[in-house]
Amino acid sequence: MIYIDNRQNKIKVNEELENKIKEIIDYALKEEKVNIDYEISVVFIDNNSIKEINKDYRNIDKATDVLSFPMLDYEEGEVFKDIYLNYEFDESDLDEGNLVLGDIALSLEKAEEQSKEFGHSFLRETCYLTIHSVLHLLGYDHMEEDEKVIMRQREEEILKSFNLHR
């Protein structure tokens, strides 16, 4: 189950965008071997809202493009398919039968700014940020160079499947 909640009014959100986001998330999770019913919440917000969240949770006083709040625990360098592929989740891990993977807060305002800066479409940027965040929910990171290379490769492979290029 994918929940999308639009809590901003600076960028128009249409059904096409919401459907593409859901399609990208579903595809990415299948590619990453998530073989259980899941729940992810995506909240579309503006720069002021994401700045406040950054300040509250990361002690960073600026707007960023996307934030991920994973619900599962991962050791450094491990991702979902490494440790949870055949894991027996118990009822305390599930919400109405769905594994709660986490929440995504995405600034559509920042996505629009970055799409112009990088010279590609708003849809491509929003899909990229969604994939990036989903991979974080699955344990991927980019703090170390080797992890960054792996994460970027996965992002590009998924984008390519949807014919979304830079």
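Any Cβ shown, glycine's included, is placed from N, Cα and C.
According to Swiss-Prot:
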BINDING   HIS132, HIS136, HIS142  Zn(2+) binding site
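Under the DSSP three-state reduction, HIS136 (Zn(2+) binding site) is assigned to helix. When the binding-site residues HIS132, HIS136, HIS142 are compared by the number of other C-beta atoms lying within 10 angstroms of their own C-beta, HIS142 comes out lowest. In the three-state DSSP reading, HIS142 (Zn(2+) binding site) counts as coil. The Zn(2+) site, placed at the center of the C-beta atoms of HIS132, HIS136, HIS142, has further neighbours from the same chain whose C-beta lies within 8 angstroms: SER68, SER133, LEU135, TYR140, ASP141, MET151, GLU155.
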